[in-house]
Amino acid sequence: MLPAPLRSLSPSCSLASPPLLAASPDPPHCASLLSRESGGGAPASGEVIMGEITNIMEYQAIAKQKLPKMAYDYYASGAEDEWTLKENREAFSRILFRPRILIDVSKIDITTSVLGFKISMPIMIAPTAFQKMAHPDGEYATARAASAAGTIMTLSSWATSSVEEVASTGPGIRFFQLYVYKDRKVVEQLVRRAEKAGFKAIALTVDTPRLGRREADIKNRFVLPPHLTLKNFEGLDLGKMDQANDSGLASYVAGQIDRTLSWKDVKWLQSITSMPILVKGVVTAEDARLAVHSGAAGIIVSNHGARQLDYVPATISALEEVVTAAQGRIPVYLDGGVRRGTDVFKALALGAAGIFIGRPVVMALAAEGEAGVRSVLRMLREEFELTMALSGCTTLADISRTHILTQGDRRRPTPRL
């Protein structure tokens with residue numbers, strides 16, 4: 001629980017300890033007013049006082065304070081040694097800029113289209129499970145924030161709100177992330193429900209025949225809190241996960257997820273839905289070519305937030321290989337490690353058509369509910385626009401490979417105009 005001074009903040013900062021206060025429509029962009037019940041003075045021993053939120057990474061410390069350890073560890077942790085978890089961030093820091101100057105950047109347009117759907121920016125929301133574990137409004141809040149920002153939300157199969165409930169929040173472009181269960185009738189029913197509810201695409205997760213070894217979840221004996229269920233599977237005896245000797249989620253996956261999933265199942269999915277299918281979890285050129293051959297509508301370069309196989313490359317490091325292999329035949333998107341507008345620019349310079357963010361959304365959701373998610377999307381947008389201006393780009397089409405310098409480039413001659 002938070003110390004009393006942080007619990008006593010005004011509702012405009014939405015920082016009450018769980019159950020959280022309802023988010024205000026406009027994000028206050030603050031985590032603390034630095035106010036103490038005693039009227040000021042030095043913080044008590046061990047007390048953390050936070051000021052104005054100036055970047056999206058700062059939400060994680062607030063989420064850690066507010067959430068039960070089991071919930072926070074579930075969201076924050078990676079697989080095994082967590083090398084890839086760290087590398088997803090550090091790889092971005094090794095890419096440098098080659099900005100162009102004396103270009104009129106008084107007007108900047110960052111609108112784009114994804115699978116034919118016009119959105120306000122190339123920044124979208126990735127699927128994250130169990131969002132009501134972070135905040136009572138859960139996926140409802142995320143859906144409203146994405147709609148307000150004019151961008152896409154991807155709903156997890158393992159959401160704590162159903163496809164119908166999320167659709168009821170109002171208009172918005174939404175994709176549905178799909179895990180393929182052993183019972184294909186369940187999968188077929190779920191896909192058709194998502195389509196009926198107005199979802200526009202399927203993001204097929206292909207990197208999880210088994211759950212990665214997430215040691216924090218094992219230590220915590222992770223299980224979904226008893227008041228929450230996997231809403232999309234209620235009534236099918238598939239909505240609950242039981243306590244286990246290690247991770248309840250790992251046991252659930254072992255019992256339910258189809259390990260026989262293969263490329264032919266992309267064709268099967270196409271036979272049961274008219275929604276385009278994005279293949280989520282590609283990190284190699286070989287699989288990029290197979291995704292194109294399978295008829296996928298797009299690729300999401302993803303290592304599952306570094307939660308599956310440790311010691312795979314950062315997604316930003318794998319991106320260019322996948323883009324090259326796709327040969328422009330289908331769009332390539334990226335998730336994993338994006339925390340700054342500069343990261344968005346770097347991904348687009350390496351050929352991504354857009355990016356998805358996951359952890360920053362759920363951390364902000366835990367901190368400030370819908371207001372936090374709105375704030376994350378706004379800050380990333382503002383940082384990205386600034387990066388474009390300072391790099392001499394006024395549209396997304398202006399962003400090119402020549403605007404960045406990777407470690408490999410530094411061993412080659414500088415390109416000539």
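Glycine is no exception: its Cβ is also placed from the backbone N, Cα and C atoms.
Bear in mind that TrEMBL entries carry predicted annotations, made automatically and left uncurated.
Noted in TrEMBL for the protein shown:
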DOMAIN    48-409  domain 'FMN hydroxy acid dehydrogenase'
BINDING   TYR74, TYR179, ARG214, HIS304, ARG307  glyoxylate binding site
BINDING   127-129, SER156, GLN177, THR205, LYS280, SER302, 335-339, 358-359  FMN binding site
ACT_SITE  HIS304  active site, proton acceptor
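Around the Cβ of LYS280 (FMN binding site), a 10 Å sphere holds 28 further Cβ atoms from the protein chains shown. Sequence-distant contacts (6 or more apart, same chain, Cβ under 8 Å) of ARG307 (glyoxylate binding site) comprise SER77, GLY78, ALA79, LEU85, GLY212, ARG214.
Residues TYR74, TYR179, ARG214, HIS304, ARG307 are recorded as binding glyoxylate; their most distant pair of Cα atoms lies 18 Å apart. The CA atom of LYS280 (FMN binding site) is located 9 Å away from the CA atom of HIS304 (glyoxylate binding site). Cα proximity to HIS304 (glyoxylate binding site) (within 10 Å) is found for the following binding-site residues from ALA129, GLN177, ASP335, ARG339: ASP335. Mean per-residue pLDDT, taken over the domain 'FMN hydroxy acid dehydrogenase' (48-409), amounts to 93.
Sparsest Cβ environment among the binding-site residues PRO127, GLY337 (other Cβ atoms counted within 10 Å): PRO127.
Neighbours of ASP335 (FMN binding site), defined as other CB atoms within 10 A of its CB across all chains, total 29. Within the same chain, the residues at least 6 positions away from ALA129 (FMN binding site) whose Cβ sits under 8 Å from its Cβ are SER156, SER157, TRP158, ALA159, THR160, listed in sequence order. Around ARG339 (FMN binding site), the same-chain residues six or more apart in sequence whose CB sits under 8 Å from its CB are ASN55, ILE56, MET57, ARG89, PHE92, PRO360, listed in sequence order.
Listed binding-site residues: TYR74, TYR179. The one with the lowest count of other Cβ atoms within 10 Å of its Cβ is TYR179.
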